[in-house]
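Report on the following structure.
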C-alpha cells in the first residue's frame, strides 16, 4: 500500500498509466485471441434518450465525445487560470501560443503537400500532419513529473487547444458536408447563457455544467467535434475568489484525478488500438506516409520554432516567464504527436476513396507520432533538472 500511495502521489503516474493503456490496446488490437473482444467492446452501443432527444453512439464515440469533453473542460480551466493570473496574463504572452499554433499547422501542411501535391487523391490529406493529439502530448510530458515547469505544461495546453480548434475548423470547412445550422444556433444560445451567468456573478458550478450539457449536445448534433464544448464551459466558470473560494479552482481540483487516472487512460485504450493488418514497412517509401512523417516529425517543430522566433524578433509576443526558446522547440517536437486526431482526419480524407490509403496514412502517423514522442521526451529528460 505504501508503494501504491507513493506511485499515485508521483506527478508522472498519470502519464505512466496512459502509456500502459496505449500499449495494452495495441497488443489487444493485433492479437488474434483478443482483437475480437477489443473491437466488440468499442462497438458496444450505448443509447441515451430524454424525451424526443436521442443520442445513440458506440462506446468509442462516448469516450471520445463525452468523456474527453470533461478532459477539455479541465484544460480550459487550467488555461484560463494562466491567462488571468499566471504566465499568459499579458497580451504578448498570450499571443505566443497562438502564433506558435499557426506555424505548427501551416508548415506541416506545406511539407506534406511538397510530397503529395502532384497526386490529386493523396493531396486531400494535407491536414493530417497539422493536428496534435493533446492527450498523448500531455501524457508524454507527464512522464517527466516534477521536472517539467508548470508554465511549459500550460504553454503546451494552450498551443494544443488552438491547434485543435484549427483542426476542428479545417474539418468543418473541408471534410464535413452536413453541418446542422439549427444545432449551431442552439450552441450559440447556450454560449450566450454562459456569458450572462458569468457577467451576473453566478458562482454555482452546477448551473454552468447544466448549460454545458446543453452546449455539448448541440455541438455534437451540429457535426462539429463535441469536445470543443468542454473548453468553452471552462472559460466561463468564474475564477475570482470570494470568501476564499474559487469555483474554477475547486472544480479543477475535483476533476484532476478523474481525468488523469480514468478518462485519459480510457481514451488511450480506446484509440491506441490501431490494427496493423495490411500495413507493411514497404509502404514507408510511398509519398503518403513520407509526407505525413515529414509533416509531424519535421514540420511541427520547424513551424512552431520558426513562427515563435519571428514573433520574438518582431516583438509581437513574449516568451512565457520561466521558459527558454530551446524548451519551446522541444514542445514543438511533442506537438508532432498527431496520433488520434491525425488518424481521424485521414479517415475523413480517404475513407470513401481507398482503404489502402488509410493503412498507409496510419503507418506514417504511427512512425511520425512515436518518433516525436521519443525524441521530445528524451530531449526534455536530458535538459530538465529534477526538482529537489
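Every residue gets a Cβ built from N, Cα and C, even glycine.
Feature annotation from Swiss-Prot assigns topological domain 'Cytoplasmic' to 1-11, 81-96, 131-154, 201-204, 237-253, 311-339, 381-388; the stated evidence is sequence analysis. Taken from Swiss-Prot, the feature topological domain 'Periplasmic' applies to 32-58, 117-122, 177-180, 273-286, 351-357. Here Swiss-Prot flags 12-31, 59-80, 97-116, 123-130, 155-176, 181-200, 205-222, 224-236, 254-272, 287-310, 340-350, 358-380 as transmembrane segment, drawing on sequence analysis.
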Report summary line: Residues outside the topological domain 'Cytoplasmic' (131-154) whose C-beta sits under 8 Å from one of its C-beta atoms, at least 6 past its ends, are 10-12, 14-16, 18-19, 22, 68, 71, 75, 78-79, 82, 86-88, 104, 160-161, 163-164, 167, 260, 264, 267-268, 300, 320-323, 327, 331, 334-342, 344-345, 369, 373, 376-377, 380-381, 384-387
Report task. For the topological domain 'Cytoplasmic' (311-339), could you work out the same-chain residues 6 or more beyond its ends whose Cβ comes under 8 Å from its Cβ atoms? Result -> 87-88, 90, 92-93, 95-96, 99-100, 104, 128-129, 131-133, 136-137, 140-141, 149, 151-152, 154-156, 159-160, 163, 271-272, 292, 296-297, 299-305, 365-366, 368-369, 371-373, 375-377, 379-380, 383
Report summary line: In DSSP terms, the topological domain 'Periplasmic' (117-122) comprises 1 helix, 0 strand, 5 coil
Report summary line: Per the Cβ filter (under 8 Å) with a sequence gap of at least 6 from its ends, the topological domain 'Periplasmic' (117-122) is approached by 287-288, 291, 350, 353-354, 357
Query - Close approaches to the transmembrane segment (205-222) from elsewhere in its chain (Cβ under 8 angstroms; 6 or more beyond its ends) - result: 53, 55, 65-66, 69, 73, 179-181, 183-184, 186-187, 190-191, 193-194, 197, 228-230, 232-233, 236-237, 247, 250-251
Query raised in the report: Using DSSP, how many residues of the topological domain 'Cytoplasmic' (201-204) fall into helix, strand and coil, respectively?
Result: 0 helix, 0 strand, 4 coil
**Report entry** the transmembrane segment (155-176) in contact with the transmembrane segment (254-272), cutoff 8 A, at least 3 CB pairs, sep 6+
**Finding:** no
**Report entry** Whether the transmembrane segment (254-272) meets the transmembrane segment (59-80): three or more C-beta pairs under 8 angstroms
**Finding:** yes
Report summary line: In DSSP terms, the topological domain 'Periplasmic' (32-58) comprises 9 helix, 12 strand, 6 coil
Query raised in the report: Does the chain bring the transmembrane segment (123-130) near the transmembrane segment (59-80), so that three or more CB pairs sit under 8 Å (pairs 6 or more apart in sequence)?
Result: no
